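As written in Swiss-Prot, here are the features:
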- G613, P614, N615, M616, G617, G618, K619, S620: ATP binding site (BINDING)
Amino acid sequence: MESLSQHTPMMQQYWKLKREHPDQLMFYRMGDFYELFYEDAKKAAKLLDITLTARGQSAGKSIPMAGIPFHSVEGYLAKLVKLGESVAICEQIGDPATTKGPVERQVVRIITPGTVSDEALLDERRDNLLAAVVGDERLFGLAILDITSGRFNVQEIQGWENLLAELERLNPAELLYPDDWPAGLPLEKRRGAHRRAPWDFDFDSAYKSLCQQFATQDLKGFGCDGLGLAIGAAGCLLAYARETQRTALPHLRGLRHERLDDTVILAGASRRNLELDVNLSGGRDNTLQSVIDRCQTAMGSRLLGRWLNRPLRDRAVLEARQDTVACLLQDYRFESLQPQLKEIGDVERILARIGLRNARPRDLARLRDALAALPQLQTALSPLEAPHLQALAGNIRTYPELAELLRRAIIDNPPAVIRDGGVLKQGYDAELDELLSLSENAGQFLMDLEAREKARTGLPNLKVGYNRIHGYYIELPRVQAEQAPADYIRRQTLKGAERFITPELKAFEDKALSAKSRALAREKALYEELLEILIAQLAPLQETATALAELDVLANLAERALNLDFNRPRFVEEPCLRIRQGRHPVVEQVLDTPFVANDLELDDNTRMLIITGPNMGGKSTYMRQTALIVLLAHIGSFVPAQSCELSLVDRIFTRIGSSDDLAGGRSTFMVEMSETANILHNASERSLVLMDEVGRGTSTFDGLSLAWAAAEHLAGLRAWTLFATHYFELTVLAESQPVVANVHLSATEHNERIVFLHHVLPGPASQSYGLAVAQLAGVPGPVISRAREHLARLEATSLPHEAPLREAGKPQPPIQSDLFASLPHPLMEELARLKPDDLSPRQALELLYSWKTRL
């Protein structure tokens, strides 16, 4: 671009700052507006639907501009962050009254999708994460930072597949990776993914920086020894957070090493298919979290979301949670705790904003109310005997001195920002009170002074006044001016009057004229002092917030167990999964009719169920409810079943539903096969596998062959498997595979209409009811009638599929004919009509040659 010397002084200042932040939209403060210039203005006008103008000139060209009022900036920032944009906030830090030329300006903070902390820019019930990754194709170091809570986690992950699955689980708002990685990588498609210089991931500088941040000699205490790649990623995150926040980060107090082998692994497809926190339409209604989340605090809801997306395999922790839920259910103890927890609010994020020194007055008011509620909450916890509850109670400390300080300092309902003052209580600081009194009571002082001076001088026409040029004055008519006392100092002569000032009035003037600005400066300084006092107590306060969030989740699980009729599952060492009267926790909430509960029994002798039955019969619901019951058990929750006994699982896989991956260029069948391949490669005998309609995306024989082979493979792995299929040929697997059993969803026909009974019964289904379901769906009658004709012909003429030999005395498994299978070859029809006894040998030979030619 042109030399800066060609620009006006103000635009020179702008370009110097903009060159330091080329990738961010710059909000450049000018009076009561944030202005955007040039390409930033054009982009913002389009994204925010604001007016683009061109005013003035610089370097001989008009300047494209767009402006935003400073008092309504939060709404615009929220929209930009949601769109994945980053913004540099440039404020006036100089005094316009004393500055020659452009007022000094400085970028005071950078707002990016992964580092926002303002309440207005965040979803209060969802984590907002910043991630960094470094490594090669074999091993990756991944670091995750939640700047709004201070959680800072690291892990090392084997292979691209596991890395991408973990990123899908975490769903970070921003992802940083080295600039020297090749183009076209899968993670480049993620929102908020952008490159950083390779040296930002350097291990040595990262290690030093992290030790400095945590005030430690090394990182051994965090269990991070040997995690070179993860430490490099963590160092990059710390540097990025410092760069964007422009302040110390005292709420980042340590690292936590996460291990995949501590958790039940859920593939991305499994998380989507089970609709844990997002439904298949992308919304949040009718998800597992929408049903089981009645947490009283936003931080509790966020913790519950993390539990659902990262179930545990630690039996001791899970049983401690179960004991806590059981304890809170006794005598309905949770009912007294939940209203108290509601008074606590989102302390976790408030403390983070205090650490970042951008806490608002209302944050401190909420913290004041939370601290005031803690003693009563602690009293309520003290008699509860569950060991885990006692451990939580030990971390929920009271802070009487801080509570009293905030009670004395902050008014009951403070304004949103400190900018205009009016936050601190009268009586908190004598100097502030005096300044405010001067500012607010100047008129009364002048009236009192006028009355006193009239009485002292005996001059009834004396007036006390003020003008902007000469300030405060005492005015006397010219005829009385000679009678002015000796301490009156002449200030101004008018046509018919003289104006004076006294030492007392001069002293008042000096105070009053600067009182408002001095009061505001004093109040801001006192507010900063309050933040520093709170920052000094940040570590114990954060421990308390963590304990409060977990208490909220456990009290919520107790409430849900009572009101949704959930019961305690029992973990056992014996490999098994036994569910009595299990229910789907989401479906039962939206049904107008009672949900039909069903049993499930898998053990070391029965590892796989082949599930048959009509469409809409409930196969998918039965499979999903099993997975959700297992998942809820692995977060320490009670489950929607009369009883449940299970061993720990290592993974939950689902191959359910079908959809194209248009962005990835994959067909429905390709997506299905990719998910199937992932399951077949990674499932173990401790995995739960749900397979629904495998093979339906291709031709009948290809699909059947693939489904059959996949089922045999899973049976060989001895994974806990629910295999729903319309290929009735698969029901014979139970005869050749001892660990396989058949069940079906019951249905019946009444007056040529299908009635779904939804009961799971032993054995294969007797028929598919496909045409009855089509009729129920509204397929026209003539089409149904024609389909019946085709079905009868296909059943009469199609060759049966080969299957393993049956044992003597066992019934023939039912054959499901596929409405969309290929029609039989014409030769098959001729062969069916042929009467061999009517043919001579010569005719038979000619016919054989004819058929051979036509094949």
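Glycine is no exception: its Cβ is also placed from the backbone N, Cα and C atoms.
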> Just how many other Cβ atoms lie inside 10 Å of the Cβ on G618 (ATP binding site)?
Replying inline: 25
>> For G613, P614, G617, listed as binding-site residues, tell me which one has the smallest number of other Cβ atoms within 10 Å.
In response: P614
>> With an 8 Å cut-off on Cβ distance to the G613, P614, N615, M616, G617, G618, K619, S620 Cβ center, who else from the chain surrounds the ATP site?
In response: A724, L745, A747, F756
>> Neighbour count, 10 Å Cβ-Cβ cut-off, for S620 (ATP binding site): what number do you get?
In response: 22
>> Just to confirm: which same-chain residues, 6+ apart in sequence, have a Cβ under 8 Å from the Cβ of K619 (ATP binding site)?
In response: I611, T612, G613, D692, A724, L745
